[in-house]
Amino acid sequence: MKQNFAFDNIGYEGSAENMPSLLPQTSTVTVNILGMTCQSCVQSIEGRISKVKGIVSTKVSLEQSNAVVKYIQSEIGPQEICQEIGDMGFDASIADGRTTATSVRSTSLGEALMKLRVEGMTCQSCVNTIEGKIGKLHGVLRIKVSLSNQEAVIAYQPYIIQPEDLKNHIDNMGYESTIKSKLAPLKLDMIDLERLQTTSTTKTSASLSNSNVEPVVGKMNSTTTMTLGVEGMHCQSCVKNIEGNISGLPGVQNIKVSLERKNTVVQFNPNIMTPISLQQAIETLPPGNFKVSLPNGVEANNRELLSKATFSSPQFHSTSSGDQLTSTAVLSIDGMTCGSCVQSIEGTMSQRKGVQHISVSLAERTGTIHYNSAVTNSEDLRGAIEDMGFDASILTAHHPQPNISPPSSPNSYLDSPKPPNVATTEKCFMQITGMTCASCVSNIERNLQKEDGIDSVLVALMAGKAEIKYKPESIQPLEIVQLIQNLGFDATVIEDHTDTDGNAELIITGMTCASCVHNIESKLTRTNGIFYASVALATSKAHIQFDPEIIGPRDIIQIIEGIGFHASLAKRDPNAHNLDHKKEIKQWRKSFLCSLVFGIPVLILMIYMLIPDGQQHGTMVLEQNLIPGLSILNLLFFVLCTLVQFLGGWYFYVQAYKSLKHKTANMDVLIVLATTIAYIYSCVILVVAIAEKAEESPITFFDTPPMLFVFIALGRWLEHIAKSKTSEALAKLMSLQATEATIVTLGPDHSEQVAVELVQRGDIVKVVPGGKFPVDGKVIDGSSMADESLITGEAMPVTKKPGSTVIAGSINAHGSVLVNATHVGSDTTLAQIVKLVEEAQMSKAPIQQLADKFSGYFVPFIIIISTVTLLVWITIGFINFDVVQKYFPHQNKHLSKAEVILRFAFQTSITVLCIACPCSLGLATPTAVMVGTGVAAQNGILIKGGKPLEMAHKIKTVMFDKTGTITCGVPKVMRMLLLGDMAKLSLKKILAIVGTAEASSEHPLGMAVTKYCKEELGTESLGYCTDFQAVPGCGISCKVRSVEAVLGQSEQSLNEQNAYLSSVSTVSLGHSSSIMVPESDAPLTYSVLIGNREWMRRNGLLISSDVNDAMTGHEMKGQTAILVAIDGALCGMVAIADTVKQEAALAVHTLQHMGIDVVLITGDNRKTAKAIATQVGIKKVFAEVLPSHKVAKVQELQNEGKKVAMVGDGVNDSPALAGADIGIAIGTGTDVAIEAADVVLIRNDLLDVVASIHLSKRTVRRIRINLVLALIYNLLGIPIAAGVFMPIGIVLQPWMGSAAMAASSVSVVLSSLQLKCYKKPGTERYEAKAQGHMKPLTPSQISVHIGMDDRRRDSPRPTAWDQISQVSLSSLTSNKLPGHGGFREEEGGKWSLLTNDGDEEQYI
């Protein structure tokens, strides 16, 4: 009685007579094959293809590059033949018009091929561009461009995109393309459609007559709407599962499922579909736990129908044209041990795209999968099962042909694919501004996912980007933007989001020839999710672009290794950005050493020249002429100077040339001008003296260049060494990242260690206690605390539980967690910080040094003076020759009048150039900077190079980080409050118990409490703690014993305090005066609970309003309040805070007094930030800022023309430290911050910020004095050299030039050495200045801004919920407490006992 079951598949149940006749019809197809090189290729193709099932014969031609294949249509199609040839590493395409309509229809891929001629390609880059851009178009499946043939072969979906569109896209890229051939689009013609319809009708009528049900024809248009109750739905995925599958059933016109109401409303044709059929259809859907209830009365009415329901709707569906896409694969699966493995495989695989049904047998070790072959294939499915840790191999893969129903299964109508009009999802990217923390991210993600039409949302906090998948028929990107703006953030759609594709560069070894390259490229380009692959044989490198949602680098490496090659990720060189200055350091060191080696002899000769009298000079050995006009001394000078000028000074020439090319004259131009003129002038007068056989060798300026080059090359070398340190910041940042990750796969005990670069989006990563989070992601299992100071700068651990986001590089405290990777590689937060630091260092505007600025004006001035002198003397000479004769008497008698005039004019103008060019100008800056940095180092300030020292005096704004900079960065107990009405224990016993309990805690607050208890008890040893349990975000519970021994040790120290207590306590304690209970009565083991309000409530303890008010009072001041309960009774409250550094307020006041704006910028919450600002006197606060916001804030102020200094200590400050005009790092801060900064305060003293600015002012003043000293001699010499004073008999003697040079150089060096006398102003001096001027700020005077927002946001009064949830660490030293409830406290009171009445206090 088979017909009694509604869902039997009659296509198989009926006899052969009911089936359409299927005689083996053969067809022939011609396939074009690219990539064959020899007869061996021909034989391998013929050998392999002839073995494929359904192939009758194969003939391959190497000359014509094609194959003629005869095949059985019912067994295989042309596309599958092409696929088989393609799998061998060749490019195969069906020759134009060579195949019958049948063969085209039998393809299961619904695609067409076209060939274009593309002219204008010149190199591989053109190929990559075309393949990359066209490959991303919607509807393009594959593209292969050949540079040698100037051709492109494109596989596309003709119902999405047309050949003309593809041609236009290529033309728009600047190439000329023509369509050579294109296959007819794969669609059914009218005859085929009619044949299919008649087959359907015949079959349906036959089945109806067998079932005694009359065929319904005239009533097809009637519609019924019914509401069915559905139990067992958990999430939106269940809703989509039901809607997607049931909407595809015949007769169902519309279906809407509601998760909230647990029902579904279905519109269907009762003549084709019955309510019972719907009920069974929904209940048989995977995972098989839906329960459907019909409306009252329907069940009875339909019982009769059910018995007749073998008109079996599946027949409508199984014969539709879409069914040719349903394939079946039977796989052998090894490695399964129990039913859990079966469920694991079935559960995971049924979620996979394209899988319609899967059945796994543990006994037979096989799995049968029905899948949509347009979406996936048997090889992918096998790989997916292997990825789960099982061994799988394909036994049979059956591709049913048109008009044949799929194999029978209990719910075969579900195995067919969704109808073609199923909703497609698209992806868009948005730039979101205004996010400040992880809660902003979860707020956006949570709210958007509630919207209809939005599939998934992934937001990256640091990058400020969101990736959203949506259904275009339900919602559009601009509507999503509006939704985000409604949440209070700014959003814009990113039009060009090519950078969101994954990029991988691999090193592939084992390739031997072009065929290997072709093999790898063709395998990769055929893989789903890979857009583009290019392999270079010469460099053994592959560049691959892929969709990170579908595939990742690990999968790609596995694919390449599967072909038989070895692949690994190419490592990124951290020095690729050239910030290490290695080249410059090397060249300036070479320049300095070269100048030094040849410069020292010059210096000795100079000193030798200066010692004796002029009269004895002639008799000296070095003064004697070798030949007339050339002395030994001048020859030595010439040789040494030439070597220095062209070896040591080469880089100066290079720099000067670059500067002139940019039409600027900097210090290098001046140095080159000065040394070249001195050298050339000396050479020329020496040559003239030799030519004229002069009796005496002339005085030359050969001694100038070597001395100048030695000093300046040394300065440049040291400066570049200091600069090179900045690149170490990046190396240190990179080292913060985890190097390996443990990836967990589904199934029992499956985990593997992989390099962090190989972690892919969607991987499940296990992080053990103490380990670093390798990627950004969401916790899916486990709970822990994480140290996220990397981003926020706050040392307080953050609670992590399922659903929480985690940050790469942050440290997992004490719980093992499983994390789903959402951002990997260059998208992680840590990578974004590295990028920020890198960008800040690259884009930092070079400071124009004073000497450079000066040279810009001075070089043209010297040249003008020199030219004017030349022209004036030529004019005077021609007007009055006697003047020239009078002052230039030694001229040769053979020279003409014009020659004499020109010679005299040139000599005068060159002398002016030599005198005017102040060589000591080059020494003015380097010497002052060297002395200045040395003095700073002695005072505990490490300044890297001269530029920060020259810049510091211009600073107009100083931005301070909070934690670790303004505050100590370590929490301290501010106050301990005993709750009198419940106190059953002495104070010292409470301290001992609390200290012992918290000693086992790793939490910073716990450590602070233990340290405080030990200090107060005056002991290092505490009692024993057992059954310790820490609950992240709540508190601790444990049992404490053996505290009596501790109390014995500290008895003496506490006796004094007790004596003081009895002397000052004049307040009557009423009936609570006996709170001190004799110790002998106390139990030996105490049950201890320490934590926040929530923890106490969980453990059944009631918190009175007085206690709650006291806690709120402390929390309003930015402190953290925790409660203590011993043996089930509340007995204390501890207030903990991060304290402000002693000198912070004074440093802030001094800076403000100097006319500098001071800003506080912190990742902490606004309440804490405001409390700190009130204490130190800062009026402008930016709270809850990200590292990227800090940089943006710095740039914003710089754009206003202000010079900005940033003072910080954490990794999160490093981008801002690198980007500010001056980055100042605290010496106790992180390595990264110290490397990124320009100035390091070794002594961790904020007054050194003031001192560094003070020293900078002194240094700059000294540089200016040096410039004046360098010029003064030269400026006096210019008029003498120009002959202005000739009429009164003052003529420039040759020694005057040398004397001016020497005097200015010595003056400059002596002036710089005076900086050695600098004394850093002491704290007393600053305090004296600030006396009476430092007034505390009121909260209303402080403006608080959130994130990058410039609008003032003063925190509103906290709600009750804020008070409960606010457990923020911050700092405040004041112990004053507003009069909440019955509390009042005097200065210095550390503990207080609260009695029953609540308004009486006792101080200890």
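Count begins at 1; order follows the chain as displayed.
Glycine too: its Cβ is placed from the backbone N, Cα and C atoms.
As annotated by TrEMBL, domain 'HMA' applies to 27-93, 112-178, 224-293, 327-393, 426-492, 502-568. For 399-418, 1372-1404, the entry in TrEMBL reads region 'Disordered'. Marked as transmembrane segment by TrEMBL: 592-611, 631-653, 665-691, 697-718, 857-881, 901-924, 1267-1289.
Between the transmembrane segment (857-881) and the transmembrane segment (1267-1289), the number of CB pairs under 8 angstroms, six or more residues apart, is three or more, so the stretches are in contact. Within its own chain, the transmembrane segment (665-691) is flanked in space by residues 627-630, 634, 637-638, 641-642, 645, 649, 652-653, 655-656, 659, 697-698, 700-702, 704-705, 708-709, 712, 849, 851-852, 855-856, 858-860, 862, 910-911, 913-914, 917-919, 921-922, 925, which lie at least six positions past its ends and keep a Cβ under 8 Å from the stretch.
Take the transmembrane segment (592-611) and the stretches 631-653, 697-718, 901-924, 1267-1289: counting Cβ pairs under 8 Å, 631-653 has the most.
The recorded stretches the domain 'HMA' (327-393) and the domain 'HMA' (426-492) do not share 3+ CB pairs below 8 A when only pairs 6 or more apart in sequence are counted, and are therefore not in contact. Across the domain 'HMA' (502-568), the model assigns an average pLDDT of 87. Listed as Cβ neighbours of the transmembrane segment (901-924) (distance under 8 Å, sequence separation of 6 or more from its ends, same chain) are residues 667, 670-671, 673-675, 677-678, 681, 684, 701, 704, 707-708, 711-712, 851, 854-855, 858, 862-863, 865-867, 869-871, 873-874, 877-878, 881, 884, 887-888, 891, 895, 1263, 1266-1267, 1269-1271, 1274-1275, 1277-1278, 1280-1283, 1292, 1296-1297, 1300-1301, 1304-1305, 1307-1309.
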